[in-house]
Amino acid sequence: MNEKKFLKLWLSFAALLFCGIMGFNYVIDPYLLYGHHDLKGLNRIKPKAGTHSLQSKIHAAHRMAPDVLIVGNSRPEMGLNPAHSYFIDHNLQAFNLGQPGSGLSVQYGYALDILRDHDIKQVLISVDFLDFVTSADSTTDPRTWPPAPSDADKRRKYHWDGTENNAYFLQSLKDHYFPLIALSTFWDSLTTVANQTPSSSNLLANGFNPAGDMRHATTHEGVKALFGQKIPQVYNSFTMRKWQTDTPGYTGSPDLSKLQFLLRYLNNHNIETKVFINPYHINYLDIIDQAGLTSEFWLWKKRLVTLVAQTSTKDTITLWDFSDPTDYIAEPILKAGRTPLKWFWEPAHYSQALGDLMLDRMLGKPGTGPTDFGHPLTMENFARHQAAYKNKLEAYHQRDPEEYSHLTAQLPKRDKD
Amino acid sequence: MFFNSYEFILFFLPITLIVFIFLSRINTEKAIGWLVLASLFFYGWWNPDYLLLIIGSMGVSYFIGTLINRTLQEKGRAKLILIIGIVLNLSLLGYFKYANFFLESAAYALSSNFELHHIILPLAISFFTFQQIAFLVDAYKGITKEYKFLHYALFVTFFPQLIAGPIVHHKEMLPQFMDRANMRFKLSNITIGLAIFSIGLFKKAVLADGIAVYASPVFALSDAGEQLQFFQAWGGALAYTLQLYFDFSGYSDMAIGGARLFGIKLPLNFHSPYKSLNIVEFWRRWHITLSRFLRDYIYIALGGNRKGRLQRYINLFVTMLLGGLWHGAGWTFVIWGALHGTYLIINHFWHFIAKALKLTFLETSKLWRGFSWALTFTAVVVGWVFFRASHFDSAVGMLQAMAGLNGVSLPYGIAAALGGFSSYIQIAGFELVHGGGAKFVFTYLWILALLPIALIMPNTQQIMSRFSPSFNDIEDNDKTTLLPQNPAYRRFKFQFNVRWAITLALTLTFGMLALAQVSEFLYFQF
C-alpha cells in the first residue's frame, strides 16, 4: 500500500469510527439526555445516569413538562415514586427532581426554573436538617440575596429574580452535545448495554431512582454492613463542624431564606405545596442526639413551622413531619442478614415502600395510609410533639437495647463541650 | 494551549502547518518567522503577560551569546560574560520558581511570619531557561554560533518543544531549521508526524488520564492525614507511577510528532524506562534530555568522575539534588532528588564491588535479572511517592502504609466475591472494610493493563524505527534491559497496511474522544 492510500484509509477509518461512536452514544443515551425511546435489554436501565443527574435532570424535567414536582436531595430521589397510584389516578405527570449531594441553591434554583416554564399544580419539597445547618463561626447575613453563584446556575434558564440567563443556551448545547464526543460517555454507553440487570443503579425518565444498586449491595454485603459503612459517615457529617440552626446573631440562616424564597413564589402562584421532613432511621436520629444536636434539630423544625405559617397566606402550603420515632423507622438491623429492610436501605435513605406511605399520607384523602406515621406539624401541635420526642426515642432504646449498644459502639467517644 | 485540546488539534496545528507549507515554498526566512509568531501565540494563549518575559529572556540570552562569540579569543572575558549570562538566567528562574520556597523555608527556620506575595510560575520557564543556559555554555565552548535573532527565537520557542521539552541543543535544531530540504513539503513527514502524535495523544489522554483517577484520590487522602491501608497505598503509588510515565512520554511523543509535521526531528526523551534493570539505566531512559543536561552542564562541570570515586559520588548526589529541585520548589522534590542521588551512588558502588568480586556473571542469570528489575522498579515507585505527595508527612504516611505498617485490609465486596476463600484471608490477618470494592478492582485492573504496556510492549521509537522518528537513536543494553530487542517487536513495526490504518484510527479516535474530559499535563508547570 502506498503512503497516500494509507493516509486516506487511516483518516477515513478514524472519521467512521468517530461518527459511529457518536451515534452509539446518542442511541444508548446513558445519562438520560435525549429522552428518546429506550429498548428493554439494550438501554432501558441507566446505570450511569445517576453520576450525571446534575447535568441531565433539569433538561429532562423541561422535556417532560410535568404537573407535579418533587424537590429535594437523594432521599426523595430514591423514596418518592412519580408513578405512585395517586398521580396515575389523578392523571398527573410527576417528575422527581431530587438532586443527590446538591445544596439548596441547586435544589430550589432548578425547581424555580421548572416552575417558571411549566404549569405546575403541586410541589412536594423534602427538607433535611443537614442541608440547613450553619456553622457556628458563620457570619453570612441570612438576608443576603441572591445566593452565591455556582456552576450549576448556568443550567438554569432564569436567574433568581426571574430574568433570563444568557449563559443557558450555550450550557444547554454543551450538556447535550459534548457527551456525544466524550470517551467517558462511550465507556458509560458500553457499561449501560452490559448492565441491563435489576441489580444495576438506575434513573428513570421521570427522575426516580429505584435504588437497584442498594438492593444489590444489601443482598451482597448485608444490612449490617451497609449501616456500618454509613453510620461513621453520618456521624462525621454532624460533628465535622460545630453546627447550629441559626446563623450567630440572627434568627434563621441563608439556607432557610432560600426555602422562604421558594415558598413565597409557590404561595404567590397558588401552587399546592407539601413541605415534608424526611423520615430517618432511628440510628440517624440517635446520631443527631449523640452529636449533641437534638435541640438544634427541634429549633430547625420550629423555624420551619414558623416559616410555613408566615408564608402560607392562602393555606396552600402544609408542613409534614415523618421523622418522629415510630415502628416504621425503628426496624432492627442486627438480625436482618442480607434481606433488605422493608422501609430503609441504610440510616439516611428510605425505600420506595416507605415513600409510598408518605405519599398516601400527604396526598390521599384524610385517613389514607397509616395514621401512626407522619403528621402535619403546626404551631398548635409543635410543643406536644417536641415534648414527646425524647421519651419516644428512649422507649425504642429500651425495647432494643442491643441495637442501641451496637450503634453507640460504632461512634467515636466525643468530648462533652 | 494544551496539545490535548480541540483548539490545538483542530485549529492551531492545521492552520500553522498549512501557512508554514505555503510560506516555505516562497522563502525559508518567512516560514521561520511564521513559526516564531505561531509559537509565541501558542505560549501567550496561557497568559499573554508572560510573552514579554520569554521575549525579554531570549533577547538578553541572544545578546550575551553574541557577545561570547565575539570575545571567544579572550577566554577570561568570554568566561565572565558567560557567568553573567548564566546568573541572569538563573536569577529569573530563581525569582519566579524558588523565591517563595526559599523565603518560606527561611521564615519556618527562623519561626518568622514573613510572607511574600504569591508569584505565579510562568509556563515552561524551567525548560527555556535550561535550553538557553546550554546555548550560552555551548557558545563559550565554540560549539554553536548564532547571528540571527529570528533563528535563535525559533530555537527557544519552537512550540512542539517549548512547554515541556524535550530540552534541545542549538546544534541539534538550527541545522535542521536552515536545511531547505526539511522545509519542503513531504507527505511522509505528515504521515509519520501524525502517527507519532496520535500514539502520544492516546497515551496521554486515554491511558494516563484514565488511570489518574485511581492515583490522585489516594494521595489526596494521604495529604489530608488519613491512614491508608496496604493495598490502597500500593494501588495509588503504582497508578501514579504509570500515570506519570504515560503522561510525560505521551506528551513527548506528541512533541516529536508535532515537530515532524514541520520536517523537524526532536531528540528522544523516553525509552521504556521501567524496563531498566538498574537505576543508572533508568536515568538513561527517563526524561533523557534532562538527564543529558544535568550530566553535561552540572555533573561534568563539577568534575564528573575525574577526581576519584568519593568525589564522583558527591558530584552525582549534588547533581540529582539539583535535578530534584529543578522539578519543583519544595522539600519533597529535594528529597526525591536526594533519594535518586543515593540510589545512583549505591548502584555505582555495587558495580565496583561486583567487578572486584567477579560477580558480573550474575547479569545473565534470569533470577538475578528479575530481582534487579523488582528492586529498581520498587526504588523508582518509592521515589515517585515523594515526587507526588504534597508534603513530607504525606509521603511518609504513604510509605508506611505500603510497608504494611497500617495493616492489610480488603473491601467486604471483594471478600464476598472470593466466597469460601475469604475465611483464609481473615485468618491471614486481613481486615475486612466497608465500601471501596469497585475502586479496588478498577485500580488494579488498570495497573494490570498498563504495566505490561510499559514493560513488555515496544515503545513509539521502536514501533516507528523504520522512519527515524527522532533526532537520535538509543539502542537497548542487553545486560540492563528487561526485554532487550525482543524478536516479537518486529510484528509491531509500523508499516503502511490496513492493520496499522485501523490501529491508528483507534488511537486517534479514542484520543480525540478523550479531549472532552478535563485534563492537564503533569509536567506543565515544572
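Quick reminder: no glycine exception, Cβ is built from N, Cα and C everywhere.
Feature annotations, reproduced from TrEMBL:
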TRANSMEM  B:6-24  transmembrane segment
TRANSMEM  B:31-46  transmembrane segment
TRANSMEM  B:52-68  transmembrane segment
TRANSMEM  B:80-99  transmembrane segment
TRANSMEM  B:119-137  transmembrane segment
TRANSMEM  B:149-168  transmembrane segment
TRANSMEM  B:183-202  transmembrane segment
TRANSMEM  B:316-339  transmembrane segment
TRANSMEM  B:367-387  transmembrane segment
TRANSMEM  B:408-428  transmembrane segment
TRANSMEM  B:440-457  transmembrane segment
TRANSMEM  B:500-524  transmembrane segment
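Counting same-chain residues at least six beyond the ends of the transmembrane segment (B:31-46), those with a Cβ under 8 angstroms from any Cβ of the stretch are 1, 7-8, 12, 16, 19-20, 23-24, 54-55, 123-124, 150-151, 153-154, 157-159, 162-163, 177, 183, 262. Counting Cβ pairs under 8 Å to the transmembrane segment (B:149-168), the top-ranked stretch among B:119-137, B:183-202, B:440-457 is B:119-137. The recorded stretches the transmembrane segment (B:183-202) and the transmembrane segment (B:6-24) share 3+ CB pairs below 8 A when only pairs 6 or more apart in sequence are counted, and are therefore in contact. With a cut-off of 8 Å between Cβ atoms, the residues of this chain six or more beyond the transmembrane segment (B:52-68) that come close are 40, 43, 78, 81-82, 84-85, 88-89, 92, 122, 124-125, 128-129, 132, 135-136, 139-140, 144, 146-147, 149, 152-153, 156-157. Residues 30-31, 34-35, 38, 41-42, 45, 159, 183-185, 201, 258, 261-262, 512, 515 of the same chain sit 6 or more residues outside the transmembrane segment (B:6-24) yet have a Cβ under 8 Å from a Cβ within it.
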